[in-house]
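Shown next, in structure tokens, is the structure this report addresses.
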Amino acid sequence: MSDNSKTRVVVGMSGGVDSSVTALLLKEQGYDVIGIFMKNWDDTDENGVCTATEDYKDVVAVADQIGIPYYSVNFEKEYWDRVFEYFLAEYRAGRTPNPDVMCNKEIKFKAFLDYAMTLGADYVATGHYARVVRDEDGTVHMLRGVDNGKDQTYFLSQLSQEQLQKTMFPLGHLEKPEVRKLAEEAGLSTAKKKDSTGICFIGEKNFKNFLSNYLPAQPGRMMTVDGRDMGEHAGLMYYTIGQRGGLGIGGQHGGDNAPWFVVGKDLSKNILYVGQGFYHDSLMSTSLEASQVHFTREMPEEFTLECTAKFRYRQPDSKVTVHVKGDKAEVIFTEPQRAITPGQAVVFYDGEECLGGGLIDNAYRDGQVCQYI
């Protein structure tokens, strides 16, 4: 058996059950483990309680229980500069960003990884549901987590080969109930703590209220694609393509009682377009353009790839053909896709392996750009 005691692994600990069990498993496997709590956002919850303080208390309790040293590190400036400013800029541009993808790329596997190296880390580890496997030549492949409902490779798709070389995902081969069971058997104080939801820096707060603190809302007209006035929208940034709720129009416009959906945005005229029916023509597209395209291992500068893709988290894979040129790609769908949303990630898979991905710029329907923004 190999001696892991000479291998230092720095674990990103959030105060949740997943990262607690990550640290526990590595400690049990004999690694030299250090726990790090990242404070990325200065926050209080609806009751005025600082959530970071409460989470750090949980980290301290777990670290003491399993017998590992722990530190807290403040990445608020890095988070604001590299993630939150991007998040706001995307909303200003009428897009719907995915801050979790950027947070992993810029904070958890850049700022945190760099900090861990100053502590003499050989690897960093997180509680993500993903797997890494190493070829004989040392190349690392990132595979989906075994728990299909929890697989987080979608959010890790912008990681580089260099980052993956230094990363361990101890939970990748486990299902979520097994993780809870391990925490309970070890008597960890976080065993029954509920999973966090929502964007990391917003937590459980009302999204609309949160966003309005940073971006002034500009109400405008809500219209059908054929020009019927449907009332007023609260501000384009509050709506995403394919959204059903929150339109306030129900079936009051006579005739068809089919539900209404957001089908497009015109940023220059501040118009929100709506249409009836889940598969409204305006929601369907046949291809997309992506930028910031990146692969988890070395690929040619220009190539074509037949693979599957996800256009949002927890969506089933769809067959696609990808034409890559530098950091841009055209992605052609085998079957038309619904509600392709600029700003979201498109992520490519070859079977179990996550190959990488990019950010969606435009969706196309038979060669014509969809009026999404």
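Including glycine, each Cβ sits where the backbone N, Cα and C put it.
Predicted, not measured: the structure shown is a model, and the values here were computed from it.
If you look up Swiss-Prot, you'll see C103 marked as active site, nucleophile, on the strength of sequence analysis. Taken from Swiss-Prot, the feature active site, cysteine persulfide intermediate applies to C200. Here Swiss-Prot flags G12, M13, S14, G15, G16, V17, D18, S19, M38, G127 as ATP binding site, drawing on sequence analysis. Per Swiss-Prot, the feature disulfide bond maps to C103-C200. If you look up Swiss-Prot, you'll see H128, Q344 marked as site 'Interaction with tRNA'.
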Protein Cβ atoms within 10 Å of M38 (ATP binding site), excluding its own: 24
Neighbour count (Cβ, 10 Å) for C103 (active site, nucleophile): 26
Neighbouring C-beta atoms (10 Å sphere around the C-beta of D18 (ATP binding site)): 25
Distance, Q344 (site 'Interaction with tRNA') to G12 (ATP binding site) (CA atoms, angstrom): 25
G16 (ATP binding site) and Q344 (site 'Interaction with tRNA'), distance between Cα atoms, whole Å: 26
M38 (ATP binding site): secondary structure state under DSSP, collapsed to three categories: strand
Of G12, G16 (the binding-site residues), the residue whose Cβ has the fewest other Cβ atoms within 10 Å: G16
Those residues of the chain, 6+ apart, with a Cβ under 8 Å from that of H128 (site 'Interaction with tRNA'): D18, G145, Q152, F155, L156, F169, L171, G172
Farthest-apart CA atoms of G12, M13, S14, G15, G16, V17, D18, S19, M38, G127, residues recorded for ATP, distance in Å: 16
Cα-nearest neighbour of C103 (active site, nucleophile) within the listed binding-site residues, S14, G16, M38: M38
Under 8 Å by Cβ from S14 (ATP binding site), same chain, sequence gap 6 or more: F37, M38, D55, V59, G127, S196
Helix, strand or coil at H128 (site 'Interaction with tRNA') [DSSP, three-state]: coil
